[in-house]
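Enquirer: Here it is, the structure in full.
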Amino acid sequence: MTELLKLSAAELGAAIASGETSAVEATQAYLDRIAEVDGQIHAFLHVAADKALEQARAVDARRAAGEKLGPLAGVPVAHKDVFTTKDMPTTAASKILEGWQSPYDATVTERLRDAGLVILGKTNLDEFAMGSSTENSAYGPTRNPWDTDRVPGGSSGGSSAAVAAFEAPLATGTDTGGSIRQPAAVCGLVGAKPTYGTSSRYGLIAFASSLDTPGPIARNVLDAALLHEAFSGHDPRDSTSVNEPVPPVVEAARRADVSGMRIGVVKELSGEGYQPGVMQRFTEAVELFESLGAKIVEVSCPSFTAALAAYYLIAPSECSSNLARFDAMRYGLRVGDDGTRSADEVMALTRAQGFGPEVKRRIILGTYALSSGYYDAYYGSAQKVRTLIKRDFEAAFQQADVLVSPTTPTTAFRLGERIDDPMAMYLADLCTIPTNLAGNAALSVPCGLAPEDNMPVGLHIMAPTLADDRAYQAGAAVEAALRDKWGGDLLSQCAYAV
Amino acid sequence: MGSAVTSDHSAKGGATALMPYDEVLRGYEPVLGLETHVELGTRSKMFCSCATTFGAEPNTQVCPVCLALPGALPVVNSAAVESAIRLGLALNCSIAEWCRFARKNYFYPDMPKNYQISQYDEPLCYDGYLDVTVDTPEGPREFRIGIERVHMEEDTGKTSHVGGADGRIHGAEYSTVDYNRAGIPLLEIVTKPIEDAGEWAPQVARAYVRELRDLIRALGISDVRMEEGSLRCDVNVSLKPRGSTEWGTRTETKNVNSLRSIERAVRHEIERQGGVLSAGGRVVQETRHFQESTGTTVAGRSKEEAQDYRYFPDPDLVPVAPDREWVEQLRATLPELPSAKRRRLKAEWNLTDKELQDLVNANAVDLVEQTVAAGAPPAEARKWWLNDLSRRATETGVELSELPITPAQVARVVELVAEGSLTNKLARQVVDGVLAGEGEPDEVVEARGLRVVSDDAALGAIVDQAIANNADAAEKVRNGKIAAVGALVGAVMRETKGQADAGRARQLILERLGVSG
């Protein structure tokens, strides 16, 4: 069974399609693995063993009937518990949704099913995807398989930990300020934030609508590209969905070539506050690009220094409104409804009890930022910064085909280390936030372990809007070169490697 | 608030006496503003594909989007945008090249998202006008009402309070919410301040809403049934001291839901505010509710501590940027609007101002036009709709257009009278039959046996009988006193219960008595 777990998603899909193995065997192998290790990792909030096997049997039946299967048919996937699923619970890791059953599937869920992917269960996250450590989950933290005293990143920490611990070959995530790339980086994985609007938000429980982007987490670039392609594309149910063909990410991941590519190093995303080991691995990766035939240029994006501040106005503002619907009236938790209280009182009691401290912090921040008299100074200014960041990206992409930086300033921190220091926690997304504000594409790919703590370091590759394929192409090139250098995947060094 | 008289709900102050209307007008000029919400008649809701049928079982026309389930997203109904643009064009508005939806944030159980998707500082249509006519003793007078904006938004659910007095929340045991209405497309039409209405303010307000209603009906974008709440009006009133350039404090009277109530609410607010001001008090800026039963307004929540709706552009939706060619196409295909139609019909039918206004006041313009189109002479068509049928509508408490008789049926009755098959009296009975659901006019004539008797064979015997029974009268006629024939004709008519052709009967009597008529 361990042999099945070692296969990449691409290899596993091919093995199922050829009949070398079955979807049921693969699914059972992963369910066994979850049973074995998830007690220590806590990547999953819900494991849907019966339903997963049922889906796997359906894939095997389709193959038996002579149907030609897609590249990921029968391949298991861990699904972030912020996407609605009509056959398993959806909680967004919040008490306020405990016990709620969605009557409908998110578009991403639907497309996973359509591609024949087998949903193993729902993974843990920071409550409503607000956080960088998965410690904000109302159902307890997830641990980093590289070092279970450390966080797996967040908010898609359950997804990254599941993939890093070989509990799933693939996982979905959502990236609002770095929530895919940061956990992928600190768990030694590949994670992509697609161009905003190319992956549907329908059925994704909204945190910040103008920033939220579903994307893939995988052990390697090609697997990420395959999952990316499986659930992306225009969705008429999401008005912000872009009606454009999905960039050819799978083809780019197979091409894995940077010769002649101009790679821009963003001056503002390095220096003070960055862990030395992170900078060391980043610098080596840039040198590696050069040795592979890329042209390295330094670019300056001065507005990026204001990105974190702008983000922490825009995201809380949107979330303060998006989370207003959790009011105990139609679904979810209801507190204090004993016949003596008004609807207003029940709403207030429910929200006080149902939301965790970080969610409340952001609702309060956002409510304040949108208030009459403050709107222009806060939300209005933040939107202007957003425009400036877009312009910086546009100018930088005149000089370079892709931009690079470390994915995170530090490696995974210890559980509890930053939970009482929101600013330190927010800094984890320093490098990833500009891409969310501008809406373009980015990928994180492992580039080694930091010498001081032996924890994974992520290389962040940013590409222009609708040019996601460039990030995949560059990422695949560096991945291949490093694999040669290391004699295998970085992940084989993880404590939970199989 | 000290001893100042604030408003009539003040616990200590009690109700302030009203000031007679004419007296208020001597000292003040009313300033009006009207905000009208119209439910559009689109088949589906504003942001999802749920049906919009009125009166369906509660919570059967709902989906993840209009129930605001986690993860659900809105998608704009382009039919609603089209309706909004058509109304904007008909109201002489400019159509925005680019505008956005905004979220209006506040918590209320009947609003599933706890924000309403509306438009804030970027309305789809802006800066237009609507001309309305008011009857005055000096004849019809026209007022031009400036239109500030027309914007799109979604309706809320409908809350019902159970167990309390008169369905209000105070004293209710519990409340229920029907989300069928949540997400139904609404247009909000906001006037500019109306400063020149003067003493005619109540009538101007009423005439504006009626004109707007007729315009919306002519466009076919809503059936505008005020009693079903598909048109709701908020009336802002303030008083400006004569000669002053500064406006007084305004009140907003919510959900005034009939034309008559609009007129009454404005008049009452003018009298009430006049009373407050003359007593040395100040008008409180507040929301008020119109009481249908008493014709008065009562205070709701105070607006002095303005609620902060934290408007911001809805990030779930993309801007609406109507294609200019499309807008021009919509402009070119607007139907004939009520004002133009009135001008045309006035000329075609040669009506006086008063006659035209009577038709408008009776909501009979379209009905008469259709009756004429079905072949009736305009004068006859007007007579039927304004007299008998208007009376019947009032008696049964329905709108004229809701009477169960069609313009084509009225035209047929007119035709039967014209060809002599019916007398006017018989015609009314035929109309009664049609209204009673007895079928087409010809079927009623047949079934009730109402056709005029002009057949000589049938009439002959009755005439002979009448002559025999009224020998005195017959003798007078024979002696040349022709006027005495009336008694004989009357006898024939009595005998035939009015169905005889009186002219033919007279002729036969004279023939029989050897006198030439």
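Glycine too: its Cβ is placed from the backbone N, Cα and C atoms.
As annotated by Swiss-Prot, active site, charge relay system applies to A:LYS80, A:SER155. Under the heading region 'Disordered', Swiss-Prot lists A:132-159. Positions annotated as active site, acyl-ester intermediate by Swiss-Prot: A:SER179.
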Enquirer: Roughly how many Å lie between the Cα atoms of A:SER179 (active site, acyl-ester intermediate) and A:SER155 (active site, charge relay system), rounded to a whole value?
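Expert: Answer for this pair: 5 Å between alpha carbons.
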Enquirer: Check the DSSP secondary structure of A:LYS80 (active site, charge relay system), expressed as helix, strand or coil.
Expert: strand
Enquirer: Kindly report the helix/strand/coil residue split of the region 'Disordered' (A:132-159) according to DSSP, in that order.
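Expert: Summed over the region 'Disordered' (A:132-159), the classes give 3 helix, 3 strand, 22 coil.
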Enquirer: Which entry in the list of active-site residues, A:SER155, A:SER179, has its Cβ near the fewest other Cβ atoms, using 10 Å as the limit?
Expert: A:SER155
Enquirer: Looking only at C-alpha atoms, tell me how far A:LYS80 (active site, charge relay system) is from A:SER155 (active site, charge relay system), rounded to the nearest Å.
Expert: 10
Enquirer: Which of the active-site residues A:LYS80, A:SER155, A:SER179 have a Cβ lying under 8 Å from any Cβ of chain B?
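Expert: Contact set vs B: none.
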Enquirer: Under DSSP, is A:SER179 (active site, acyl-ester intermediate) helix, strand or coil?
Expert: coil
Enquirer: Near A:LYS80 (active site, charge relay system), how many other Cβ atoms are within 10 Å of its Cβ?
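Expert: Looking across every protein chain shown, the total is 32.
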